[in-house]
């Protein structure tokens, strides 16, 4: 019997196992159905030379091919140019009958089981030959590669689609990729803090109730209540406020008015001693605060006084400088008006002016005994 169409690769025909004479017809039908499904991979040899796409008006006529044309469907698409063919086969080592779920319909169930056992050897060789010219089809591989990455982000989807067909799995991943990939982890990340908030808030709400700041007033209240409880237990006939706040004479009269045992007297004196110590400590703190306030006021007063004195000193310095300048001008003016017998003016470097006790002014040469004496 003559081989199938010339478009079928020789390696696939030569490497098929030789069937028995009784199963020859079924084997040929199986091969023809596989070649129909491999319409995209059939023209592997013309991919090495620049192809010229020829438009096909319709399916090829029946007499041009052998029994392969009998099983061809009228709506089956024609082979595309070589640069678009290896898109699904460059990185996916699946058999050619798993390219799409719609292409597996013509294969009968008993024939596909035998085809799966007989075709794994020629598929890697054909894929290797076609993968050499799979350069221009890389943009079509992005959806499949990304769909493979999506398995790492959604484990539930991978478990649900594990038993389905390869073509259906690939198409579902492409459809689900833009929706599931960006939002697969966001709901989980938002829900976990919601479950963690209630246990985190409970210790925070309990911390302020047992804080160290509130322990001091409670301790004082406990001390007062403790003295009262001890006084009630010892049956003291007067309240603890009188024990602490009464003066010495009134306190002694109060003790003399009631007959008390030694233990009661010891308790009363202990309560008074601790109460007086507490009052004394409060008064001491009050006096310290008052002293600090007085010192701060005194410092403010001294600071303002210092600023006032500095301003007065500056004004005195300016006034003194003005007086010195005026005295110098007067001294120069006097020497300009003084003349000797010859009518010559006196030089300030050689003569000086001295004032006597009665207010008289004398012109004295510099360096004389009178100047030194004066």
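Placed from the backbone N, Cα and C atoms, the Cβ positions cover glycine too.
Annotated by Swiss-Prot as motif 'PXY motif 2', the relevant range among 69-73, 74-78, 79-83 is 79-83.
Which of 31-35, 36-40, 41-45, 61-65 counts as motif 'PXY motif 1' depends on Swiss-Prot, and there it is 61-65.
The stretch that Swiss-Prot tags with region 'Basic motif', taken from the ranges 269-288, 309-328, 329-348, is 269-288. Looking at the motif 'PXY motif 1' (61-65) alone, the prediction's average pLDDT is 51.
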